[in-house]
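According to TrEMBL, the features are:
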- 1-377: domain 'Major facilitator superfamily (MFS) profile' (DOMAIN)
- 20-37: transmembrane segment (TRANSMEM)
- 43-65: transmembrane segment (TRANSMEM)
- 77-95: transmembrane segment (TRANSMEM)
- 101-122: transmembrane segment (TRANSMEM)
- 186-210: transmembrane segment (TRANSMEM)
- 222-242: transmembrane segment (TRANSMEM)
- 249-271: transmembrane segment (TRANSMEM)
- 283-311: transmembrane segment (TRANSMEM)
- 323-349: transmembrane segment (TRANSMEM)
- 355-373: transmembrane segment (TRANSMEM)
């Protein structure tokens with residue numbers, strides 16, 4: 001959450017690349033603290049440092065990807081961010097079955113150490129360079145990204161027009177975010193990213209082994225790894241579909257699928273409380289609940305996993321992106337914190353009741369998307385942001 005608060009201002013003042021470079025340092029120190037921990041205080045310190053780094057990265061990466069992508073590939077490239085997250089999760093699941101946790105923490109250092117030198121070989125966001133009035137660097141960066149044979153005149157003019165309009169205004173203060181022209185992008189950004197977490201995805205992924213054990217699955221670690229693998233495949237499909245089908249329809253299918261799957265899981269857990277654990281019916285219910293949880297994760301990965309971050313990076317106007325982006329990312333991590341902290345308590349209170357509460361959130365998400373979320377496929381960032389005025 002602290003990283004989320006800092007992320008917007010860091011990305012605004014030192015650039016997207018500079019923010020990622022700085023975020024990698026506490027990540028490396030955090031993993032080292034965990035791997036060489038002498039007592040629990042090292043683990044807490046390591047996790048706090050990790051949290052700060054990830055908080056910065058979780059805002060900066062989708063914004064950077066959206067700002068460098070051509071409009072016809074922006075959705076697919078944006079969802080690669082979530083695809084990478086799912087690959088990281090499944091690697092942690094699989095390695096965790098074979099590798100001691102200290103060694104797992106050492107392995108965690110590798111992506112961060114590759115990121116720092118890798119950043120020297122990629123261009124800075126052209127939109128950020130334009131906002132900073134570095135016009136020569138801005139055009140060079142855009143030309144490198146689009147290819148030297150491509151005519152970038154039209155895109156250069158669009159970006160310059162948007163940036164000139166944004167730079168005429170004084171720096172936006174927090175109170176000014178309530179203006180009518182900013183209200184809708186903020187409601188959409190916060191709404192989608194808060195509902196993403198309230199649907200219980202982290203509770204199910206973090207406590208997957210416990211849930212599978214409660215469902216009667218004997219090898220719960222293997223089932224959890226399989227779940228992670230399925231999530232990667234479903235996110236790959238989303239990456240392929242996003243710029244073909246559009247954001248809205250995938251979000252509608254995703255939230256509808258989540259609602260139905262969670263309803264099925266809740267009903268099964270309620271029925272199982274009345275059935276003997278030795279009966280054949282109990283075994284069948286266990287298998288069906290496993291399939292319903294897998295269906296939920298597939299449905300989540302099909303839209304609600306990647307698309308809220310993609311839409312957040314597309315709809316926030318240049319003039320409020322740093323402040324509003326921090327606020328939206330903070331809302332996401334704050335909700336994630338709340339869901340993760342309460343999941344164990346809720347599951348021990350009533351597994352069926354827990355899934356009912358997540359199901360109601362998913363049903364509300366479906367209505368939220370149908371009523372308010374616009375389609376952003378095939379439009380430039382400038383067109384999307386002008387449409388809210």
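Using N, Cα and C of the backbone, Cβ positions are placed for all residues, glycine too.
Counting Cβ pairs closer than 8 Å and at least 6 residues apart in sequence, the transmembrane segment (222-242) and the transmembrane segment (101-122) reach fewer than three and form no contact.
Note on the domain 'Major facilitator superfamily (MFS) profile' (1-377): its mean pLDDT in the predicted model is 91. With a threshold of 8 Å between CB atoms, the same-chain residues lying at least 6 positions outside the transmembrane segment (249-271) that come near it are 192, 199-200, 214, 238, 241-242, 285, 288-289, 292-293, 295-296, 298-300, 302-304, 307, 350-353, 355-356, 358-359, 362-363, 365-366, 369-370, 373. Each of 101-122, 323-349, 355-373 was scored by its Cβ pairs under 8 Å to the transmembrane segment (186-210), and the highest score goes to 323-349.
Among 20-37, 77-95, 283-311, 355-373, 20-37 has the largest number of CB pairs under 8 A with the transmembrane segment (101-122). Beyond its flanks by at least six residues, the transmembrane segment (20-37) meets 3, 10, 14, 43, 45-50, 52-54, 56-57, 60-61, 64, 101-103, 105-106, 108-109, 112-113, 115-116, 119 of its own chain at Cβ-Cβ distances under 8 Å. Within the same chain, residues 1, 3-9, 11, 55, 58-59, 63, 172, 174, 177, 182, 185-186, 189-190, 193-194, 196-198, 200, 202-203, 206-207, 210-211, 214, 312, 316, 357 sit at least 6 positions outside the transmembrane segment (323-349) and bring their C-beta atoms closer than 8 Å to a C-beta of that stretch. Counting residues 6+ beyond its ends, the transmembrane segment (43-65) has Cβ neighbours under 8 Å at 1-8, 10-11, 16-17, 19-20, 22-27, 29-34, 37, 74, 77-78, 80-81, 105, 112, 125, 309-310, 312-313, 321, 325-326, 328-329, 332-333 in the same chain.
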